[in-house]
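Novice: Okay, these came from TrEMBL:
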- 116-222: domain 'ArnT-like N-terminal' (DOMAIN)
- 1-26: region 'Disordered' (REGION)
- 42-59: transmembrane segment (TRANSMEM)
- 115-135: transmembrane segment (TRANSMEM)
- 198-223: transmembrane segment (TRANSMEM)
- 235-254: transmembrane segment (TRANSMEM)
- 292-308: transmembrane segment (TRANSMEM)
- 372-389: transmembrane segment (TRANSMEM)
- 395-413: transmembrane segment (TRANSMEM)
- 425-446: transmembrane segment (TRANSMEM)
C-alpha cells in the first residue's frame, strides 16, 4: 500500500502541468515552445510571414510611382502582352519578363492603380522573411529555432528591406529567389525535392536578372562544399527546375537573335566592367548599409565574431560565406545604384541575429543598449522638433515611435534579468514596426519623389490628346511621366526640333508655343507648338 501511494505521488509530481511547462515557468515554457516549433515546422515561418504582410503592405498606393525603376518596370509590364518583353512598341532587351509578365496580366485585368502595380512585387518580396527563418533553422546548431526567429525579425524590420520591397521593382523578388535557392541547396543532399526547388529558384533568377545566377550558384557551390552537392536524383531535379528559365532564354535567342544576348552582356555582365546608365559611385553600397542598417547594425561586430568562432560549423561557415559572396557580387560593380545593395541585407540580418541572441543571453556588450538609448533620444527630439514647426509632411509620429522604442528597449536590454531583456526587445520591435507603419502613411517613405516634379497633372493633360499627336519632352527622361500619360514621350533636342505641329512638355516658354492651361512660372506645362 505504501509503495502504491509513493508511486502515485511520484507520478503526480513528474506529470506535466500548465504551471510546470507553461509560459510562467521559463525553463518549461522554452522547452515546450522549442518542441512545438520543432513539431510544427511551418508554424513560425508562416506566422512571421503574416506579420511581414501586415507590416510591409499598408499604404502601397498613397504615393505615385517613382521614375527609377518603377516607371520603367510598370511600362514594360503594360506593353508586354506575351512572353517577349516590350517597351512601348520596341523590343525590351534589358530584363526578362519573369516579373513583368504577371504584373502585366494583373494590370490589364484589374486596372493601373499604383497599389495594384506594386502589389505583386511586394508580395514576392515578403517571402524573404520566412525563407531566412528556414535557412537559419536548417543550419542547425544550438538554439537554432530562436536564432532563426531573431533573423526573421531583424530582416522584417530593416527599413531598406521593407521600403524597397514595397516598390514595383525586381530586386525584392530577386532576393526571395536567392534565399530559396540557398535554402534548397542546404537541404538538397537529404531531400531530392529540395534540389528541384533550387532549380525552380534558379529559373526565377534567370527570368529576373540572368547573370546573377552565376554568382548566386557559385556561392552555394563554394560555401556548401562538396558534401552539400545533391545526389544523382537531386541533379535530375535541379535540371528540371532550371528547364523553364533556360528554355525561355533559348527561345528568346531564336526569336531575336544576337540581340537577346544583351541581357547577359550589354545590360548584365557589362555592369561589372563599365558604367551603364546613370550609375552612382563605388561608395553607394557602403552608404546604403551605414544609413539603413539601424537599429541592428550595432550587433554586426558581435555576429561577425560569433560566426568566425563557428566557421568550422555549418552556421558560421554559411553566414560568413553568404556575406562575403553577396559582397563580392555587389561591391565590384562599376554601375552602382542604391537598390543593388538589397542582396546584402539577408546575410547582414543573419549575423546581426547572432549578436542579438548573445545580447539577450548575457546582456553584453552593454554599450549596445546605451547606443540605442542615445539614438532613441535623438529621434525623439527630432520628432518633437517636427511637431513644433508644424510641418505636416514630416513623419513626426514615426520619429517619436522609433525614439520611444529605442529608449525603452535600450534601457531594458541592459537589465541583468533575461526576462527583462526579452521584454525590452519586444518593446523595441513593436515600436519600430509601428514607426514603419506610420512612415508608410507619411509623404516621405518614398523620398526620391521630392527630387523632381509630380508628373501626374501633366500626364492627365497628355491623356486628353489624340492618339496620333506628337508629344515631346524637353528635359530629363521621366519614365513615370510616360507611364501615367499612357504614351512614349520623345526626347526634344534643340538642334533637331520636331517638324509640323507638336506638343511639348517643358517648364519654360518656347518660341511659337502656347500653354494648354494658364502657366505658372517655373512649373512644368504642356505646350502646343507650331
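Every residue gets a Cβ built from N, Cα and C, even glycine.
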Novice: Counting only CB pairs under 8 A, let me know which of 42-59, 115-135, 292-308, 425-446 has the most with the transmembrane segment (395-413).
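Specialist: Ranked by Cβ pairs under 8 Å, first place goes to 425-446.
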Novice: Please report, as numbers and ranges, the same-chain residues at least 6 past the borders of the transmembrane segment (292-308) whose CB is under 8 Å from any CB of it.
Specialist: 154, 157-160, 315-316, 319-320, 348-356, 358-359, 365, 368, 371-372, 375, 406, 428, 432
Novice: Average the per-residue pLDDT over the domain 'ArnT-like N-terminal' (116-222) and send me the rounded value.
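Specialist: Here the predicted model's pLDDT, averaged over the domain 'ArnT-like N-terminal' (116-222), is 95.
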